[in-house]
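As given in TrEMBL:
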- A:12-35: transmembrane segment (TRANSMEM)
- A:55-76: transmembrane segment (TRANSMEM)
- A:88-105: transmembrane segment (TRANSMEM)
- A:111-132: transmembrane segment (TRANSMEM)
- A:144-162: transmembrane segment (TRANSMEM)
- A:200-218: transmembrane segment (TRANSMEM)
- A:248-268: transmembrane segment (TRANSMEM)
- A:326-345: transmembrane segment (TRANSMEM)
Amino acid sequence: MGRISLRSVGLGLAAPVGALVFALLVCGVILSITGHQPFDVAEDMIGSLERPRTVANSLNSATTYYLSAVAVAIGFKMRLFNIGVDGQYRLAAMLAAALAGASFMESLPSVLRILMTILAAMLVGAIWSGIAGFLKVTRGVSEVISTIMLNAIATALVAFLLNPDRLAVTVAGSNNIGTAPITEGGQVPGIPYSGSSSDVFGLIVLAAVVGVAYWFMLNRTRFGFDLKATGESESAAVASGVNVKKMVLASMLLSGAVAGLVGMPQLLGASHSYSLDFPAGLGFTGIAIALLGRNHPIGMAFAAFLWGALDQTSNVLDLSGVPKEIVVIMQGVIVLSVVIAYELVRRYKLRLEQRDVGRALGTTKTPEEVQA
Amino acid sequence: MNVAVRTGTVHALVGENGAGKSTLMKILYGMQRPDEGTISIDGTQGDFHTPADAIAVGIGMVHQHFMLADNLTVLENVVLGDEPRGGGGIDFKAARAKIKDISARYGLGVDPDRLVDELGVGERQRVEILKVLFRGARILILDEPTAVLVPQEVDELFGNLRELKAEGLTILFISHKLDEVLSVADDITVMRRGTTVASVAPGDVTARQLAELMVGSALPVPELRESTVTDTPVLEAEGLTVTSPDGRTVLEGMSVTINAGEVLGIAGVEGNGQAELVEALMGIRPLQAGRIALRGEDITKLSTRKRRDAGIGYIPEDRHRQGVLLEATLWENRILGHQTKAPSVRGLLLNRSGARADTQRIVDEYDVRTPNIDVLAGSLSGGNQQKLIVGREMSGNPVLLIASHPTRGVDVGAQAAIWEQIRKARAEQLAVLLISADLDELIGMSDSLAVILRGRLVASYDPKAVTPEELGSAMTGAGDGEES
């Protein structure tokens, strides 16, 4: 038993580690061709990771990436592609920010304010993804198409609402506009990181809770079983009594609710207002991380941190004149190669197991069978 | 295990599911590597790492499940992966000529320009054979080639095999349909649990003796003991009408009643509404009209899950599609279809230890051959998957079992076990709807028999008095059974 689980862990790591090594090689080659020293670049990046500030910032990026990845993974487990995490979190963050910054909230206790903000974000995210789920269930519209379109609509809607006539105010001393700033009672304090000028988002705890809840839902609950079964074989799930339409709707709502959380660490921990420069595109990063982390709660945590660290350490490259884009190339190569690597490992594993089964059965002969 | 195949013969490899036939075949075709031992072709030792190595020495394989692209023509399918080059592109002309030549030489009758989508099952199989011949195979491995064919197609296939043999090709034929093996093979090797147990010539043995060699004990016969039929109806279905998505009526006003302790067998040529009947009863397919009651309670409007909760067990006809999750472990598969019932769940949570313990019980009671319950269902042989499904569907004391081809693709040993379990449950007042293509099974295992034709029940028979021939002609619409 111990041997087998060791083997499965080894096989589980083989694909991401292999993809990472391959991506490093590709980037090394590209750097050499463009006249840079790959080892110097690597040294610079690793060196910058020794600075506490870079680590704190990496953790902060990882927090948002992780939430985004979980939102995507919930869909992936059902073979649903929620491409719309991006629009879901932006709309959710904006509306939640408007609520959190509203003047009537100031009289409420801090915990209640924060909870209300977070719940509002989840609700908005769920409604936005729910539209896609509803269309799929009732009209058979592909969720890929509808979520992409909803992303565009969300962009327009945010632009419409983020206007001084409606939900926005001009940010003092700049051309920027944003929702009314959230006063201190509505903010989530950061966790100081020794030696770093920037704190770690307090809502990193929320990401951890979401990760545990995701794991628990998938592995310990009936709902999670139905979800995985539908993803593995819809026809078998139907025969077992799963109502696939209900599952599609439920998982889209759940995915959207988690997507609503994506903007929260940044909003409540740093920006305190949804303005024009609020980070965008996190939903797409989530897709990459869910792929790299194989929809696994722990795998995605590592993937999210890797992504965050790559982003943050790339800042030093400007100093040495190396284009930062090399990191984007690396991230792209990792995702592409990991998808292939996972499939290879999956097939290899299946073959190994079939051989094990064969061997185990071949050696269970009873005496009378041998003499027959 | 040892096997020697003579050139220019049809060599049959028989054995129960899980005896190691598929593994041996995969080794021969380079899909898997042997831990020990060697393979020699015409005296030279081969070392196959991939199927390409096997193809290079002239071994070709025809898979049980066809690997053809429906939207391509026969020609395109045949050259796929082995395209003859010429003039900067694919030399379709040369390929077409070669296909026609092969087709004519071995009497395959394959037209290279037809779309695979238009071909019947038998024709598709000939395309598969042509595909391996096109790659220059001299040794053909056929994995249960008759499993998907109707009797006439089987005869045609055997005709083709004889022609191939006459041209000096060697054929390794894997099957567990013994009468077929006896009619076509020159030599027979029997496998059991990973070793060769006997090599016999078809003239020296009967199908029965061969089967007994395969299982290593006397053969089971499908038969019921004394009648256990009561007059308490369990399933009452009236006027079931189902239309297919394209508007055809596939089930028309069908009424079925099964009493406690009764096995109702449905005979029919495949595609006459059996699948629709089963799926309508399970709530998978919507009803156009009709009413279904289980133990007097109307379940017409209930979901599949609620019907299962009410006590319906379901053995689907296609286990890979509907019966198991191939990439989930055995104990997870134990939960499938029983997501609402103890011992698999506790409230809204899964009960892992309960499910695992009960999986172990099924593995022991139903002789599912597996090293442990943590292997993926997909790595078990088909028969063992089926035993797991039967065991699962029998648990939780169902009142009605809907069994579609419960022993299809299952070896004799597992077949006997499954029959025995159905008999036992029947004695405990289980009502069973049995659908099968195996007429002996239908006649032997049913308390009453009905024939389905074009979506209607056209005749009913007393299984004690009917012969397979009579049933057969009723199934094709030529019979004169008493109208029901």
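Glycine too: its Cβ is placed from the backbone N, Cα and C atoms.
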Stretch contact, the transmembrane segment (A:248-268) with the transmembrane segment (A:55-76), Cβ-Cβ under 8 Å, 3+ pairs: yes
Of A:12-35, A:55-76, A:111-132, A:144-162, A:200-218, whichever stretch has the most CB pairs under 8 A to the transmembrane segment (A:326-345): A:12-35
Residues from the same chain, set at least six apart from the ends of the transmembrane segment (A:88-105), whose C-beta lies under 8 A from its own: 68, 71, 82, 113, 116-118, 120-125, 128-129, 150, 154-155, 157-158, 161-162, 167, 178-183, 186, 256, 259-264, 266-268, 273-274, 278, 280, 282-283
Folded-back contacts onto the transmembrane segment (A:111-132), same chain, C-beta under 8 angstroms, at least six residues removed: 71, 82, 84-85, 87-89, 91-93, 95-97, 99-100, 105, 141, 143, 146-147, 150, 154, 182, 185-186, 188, 206, 249, 252-261, 263-264, 267-268
Intrachain neighbours beyond the transmembrane segment (A:12-35), with Cβ under 8 angstroms and 6 or more residues off its ends: 41-42, 292-294, 299, 302-303, 306, 322-323, 326, 329-331, 333-334, 337-338, 341-342, 344-345
Residues of the parent chain within Cβ reach of the transmembrane segment (A:200-218), under 8 Å, 6 or more residues beyond its termini: 56, 59-60, 63, 66-67, 70, 73-74, 77, 118, 188-193, 224, 227-228, 258, 261, 264-266, 268-270, 297-298, 300-301
